[in-house]
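One structure is given below, encoded as structure tokens.
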Amino acid sequence: MKSSIQFILSMVIFGTIGLVVRYIDLSSSETAFLSSSIGCFFLTLVYISQRKKFSWRKIKHYTIILFVSGIALSGNWIFLYQSYDYTTITNATLGYYFAPVFVMLLSPVVLKEKLPIKKVICIFGAVIGMIFIVGNGFSASGTDDLFGITFGIVAAVFYATLMLLNKFIKEMDRLAVTIIQLGVTGLILLPYVLITEGLNMLSVSSSSILFIIFLGIVNTGIGFWLFFSGMELLRGQSIAMLSYVDPFVAILISGLLLKEQFTLLQVIGGLLLLGFTFVSETRIRRATKL
């Protein structure tokens, strides 16, 4: 139960990312670099305050996975933020949240998990619910929209890779895992940012600074700490299903804060999304005869 709560909280936090990055006047790569660096720095301070020490033996053991996970996280952020730059939050959300489907389909092969028919029905039911939610605002009338949706799907591939890889990291402090992966991500993104953008991020507007700090500490640092902590004991299919809390929150926030009106179809979609997620994670105990 604790793992599920941690993962759901991380999804709620991630659900606000689309709104936050709208107020940051930097490129997708610059935003990803700053958020990972700030998140890593913040969590390192937390780690030091708890007087914890890194287990270098375990870090050495998982070096390859941690490094590849950092690459996956880098790709995830670059393409997700790029998707937000090219198209609407609704379109980006639709493309990005094929990631849980990828995780569900790959978990039997990669994680050697059984794939119950109940999980298959529930995740595709949740996909239908999400399509109902975003369908009213979906539009792909121009080249930018198509690019944005494509970037969202590419980000979904990286996101699914990140989730699957982290299932192989066992018995390692989750805070340490988060710090290392954010640090690796920052190191990977730094040369990319310098080559493609130069030092433009040093001239960021004052209005963006608070949103960058919030994105780094809350959405990235705390969000991924809860994310990695929660997923450690969850099965791949459960991770896939609970991931749909994120787009639900994203659409809900855009409606409440951006004053977008909900249609009856969107309400039905929300009920389907939450309903199938709940059913998927609810265990039915068979009554035993006395």
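Using N, Cα and C of the backbone, Cβ positions are placed for all residues, glycine too.
Features of the protein shown, as given by TrEMBL:
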| type | residues | note |
| --- | --- | --- |
| DOMAIN | 5-134 | domain 'EamA' |
| DOMAIN | 147-278 | domain 'EamA' |
| TRANSMEM | 7-25 | transmembrane segment |
| TRANSMEM | 31-49 | transmembrane segment |
| TRANSMEM | 61-82 | transmembrane segment |
| TRANSMEM | 94-111 | transmembrane segment |
| TRANSMEM | 120-140 | transmembrane segment |
| TRANSMEM | 146-165 | transmembrane segment |
| TRANSMEM | 177-195 | transmembrane segment |
| TRANSMEM | 207-227 | transmembrane segment |
| TRANSMEM | 239-258 | transmembrane segment |
| TRANSMEM | 264-280 | transmembrane segment |
Among the ranges 7-25, 146-165, 177-195, 207-227, 239-258, the one whose Cβ pairs under 8 Å to the transmembrane segment (61-82) are most numerous: 146-165
DSSP says what for the domain 'EamA' (147-278): how many helix, strand, coil residues? 108 helix, 0 strand, 24 coil
Can you find at least 3 Cβ pairs under 8 Å between the transmembrane segment (94-111) and the transmembrane segment (239-258), where each pair is 6 or more residues apart in sequence? yes
Based on Cβ pairs under 8 Å, which of the stretches 7-25, 146-165, 207-227, 264-280 lies most in contact with the transmembrane segment (177-195)? 207-227
To what whole number does the mean pLDDT across the domain 'EamA' (147-278) round? 86
Secondary structure composition of the domain 'EamA' (5-134) [DSSP: H/G/I, E/B, coil]: 105 helix, 0 strand, 25 coil
Is it true that the transmembrane segment (207-227) and the transmembrane segment (264-280) have 3 or more CB pairs under 8 Å, sequence gap of 6 or more? no
